[in-house]
Each structure stands twice: as structure tokens, then as C-alpha cells.
Amino acid sequence: MKKFLIAPSILSADFARLGEDTANVLAAGGDVVHFDVMDNHYVPNLTIGPMVCEALRNYGITAPIDVHLMVKPVDRIVPDFAKAGASYISFHPEASEHVDRTIQLIKEHGCKAGLVFNPATPLSYLDYVMDKIDVILLMSVNPGFGGQSFIHGTLDKLRQVRKLIDDSGRDIRLEVDGGVKVDNIAEIAAAGADMFVAGSAIFGQPDYRK
């Protein structure tokens with residue numbers, strides 16, 4: 001079994017001191033910095049872009065940066081995030097006109113590529129790209145806003161994807177995002193996830209280590 005990775009979502013951080021807050025959460029045990037990138041088009045919210053990614057790199061953040069694109073179109077912004085220092089770039093297949101080409105674009109720019117599945121998105125998008133992706137991210141809430149409750153049906157979907165990954169024999173991370181808390185993370189891990197995005201559950205605590 002792979003090492004579990006915790007990916008604090010900076011959407012819940014204090015943006016007035018983002019560099020310091022990000023460094024503190026990594027020092028407390030975070031493994032990966034998670035970016036929720038929203039365009040007020042694919043999802044009804046507007047958040048951050050490549051400039052913030054570059055600023056964190058310039059601040060001295062060396063941990064992997066995991067960019068979750070909730071934007072449409074996807075391809076236009078991929079090179080910008082790669083240049084800004086992204087490590088992983090994941091996108092929603094519904095937001096790309098050509099899923100395979102977008103995966104290739106991400107890889108050509110030196111990043112690991114991921115596909116993101118909303119709660120009601122079928123897994124059939126994986127049928128022809130399992131040999132090309134590095135991350136599968138399952139949304140356990142509907143995308144657009146932080147602080148939502150975990151959708152319990154995601155556990156069955158996690159089990160399905162875990163089997164697909166194991167059967168493929170490939171080194172693919174299984175990430176989950178939405179409503180991950182101290183009281184449900186063990187159950188989520190048991191269903192097959194090995195990378196956990198958490199925002200308010202981490203940044204909302206006085207001591208990030210907890």
C-alpha cells in the first residue's frame with residue numbers, strides 16, 4: 001500500500017498571509033498543496049490562478065502542488081500552471097473537448113496528469129486513458145464551494161476505482177476531495193483512497209497538526 005498523502009486545500013487558508021499559512025500547514029504534516037481553480041463558468045465560483053502558484057514557489061514552497069482545474073476550456077491554462085510550478089494538473093473530462101489531447105498537453109509540459117470525477121460522472125471516461133494518467137480524483141461533494149458534507153455514495157465509487165487501478169498494475173494515485181474530516185478519513189482510506197484533500201478540516205483548526 002502506498003504512503004497516504006494529505007493535501008491541504010489552500011482555498012481555506014488565510015489569503016492575507018498565504019505563504020506563511022501554507023508553510024505552516026506543510027510543517028505540521030501536510031504533504032501536498034492542493035489548488036482549487038474555479039472560473040465562475042464551469043463551476044459557480046471564482047478563485048485563484050497561476051500567479052498564486054508562482055508566488056508560493058517564489059516564497060519557498062517546495063512541496064508538490066496539486067492543481068485541480070474546474071475551468072472550461074482546460075487547455076488554455078495548462079501551460080501557465082506548468083510554468084508557474086505545478087506538479088500535478090487534474091481536470092474534469094466534461095470540461096475538455098478532447099480528453100486524450102489534454103492529458104498529453106499536461107505531460108508535454110512536465111506535469112503529472114489526473115482526471116476528476118464529480119459525484120454523478122460515470123467512470124467510463126477511464127476506459128481508454130488508464131495507461132496515461134497518474135491521478136484519479138473523486139469529488140465527494142459537488143464542486144464549487146468548500147465546507148460541504150461528504151457524499152457517502154463516493155465510498156462505492158472509490159472501491160470501484162481502487163480495483164481498476166490495482167488491475168491495471170500502474171502507479172496511479174487515488175485522491176478524494178470534499179468533506180474529508182477526522183471522523184471519516186479512516187473509512188475513506190479503507191475504501192481505497194491514498195491521497196486526501198482537506199480544507200476547512202485543517203485550516204479551521206487552531207493547531208494544524210491535529
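Just so it is clear, glycine is given a Cβ too, placed from its N, Cα and C backbone atoms.
Record features, source Swiss-Prot:
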ACT_SITE  Asp36  active site, proton acceptor
ACT_SITE  Asp177  active site, proton donor
BINDING   Ser9, His68, Gly144, Phe145, Gly146, Gly147, Asp177, Gly178, Gly179, Gly199, Ser200  substrate binding site
BINDING   His34, Asp36, His68, Asp177  divalent metal cation binding site
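Counting every protein chain shown, the number of other Cβ atoms lying within 10 Å of the Cβ of Gly179 (substrate binding site) is 23. Around the Cβ of His34 (divalent metal cation binding site), 27 further Cβ atoms fall within 10 Å across all displayed protein chains. The residues near the divalent metal cation site, meaning same-chain residues not in His34, Asp36, His68, Asp177 whose C-beta sits within 8 angstroms of the mean position of the site's C-beta atoms, are Ala7, Ser9, Leu11, Phe35, Asp66, Leu137, Val197, in sequence order.
Most buried of the active-site residues Asp36, Asp177, judged by other Cβ atoms within 10 Å, is Asp177. Comparing local CB density within 10 A for the binding-site residues Ser9, Ser200, the maximum falls on Ser9. Using a 10 Å radius centred on the Cβ of Gly144 (substrate binding site) and all shown protein chains, the other Cβ atoms total 15. Of all Cβ atoms in the protein chains displayed, 27 besides its own lie within 10 Å of the Cβ of His68 (divalent metal cation binding site). It is 9 Å from the Cα atom of the residue listed as 'active site, proton donor' to that of Ser9 (substrate binding site). A separation of roughly 7 Å, to the nearest angstrom, links the Cα atoms of Asp36 (active site, proton acceptor) and Ser9 (substrate binding site). Rounded to the nearest whole angstrom, the C-alpha distance between Gly144 (substrate binding site) and His68 (divalent metal cation binding site) is 12.
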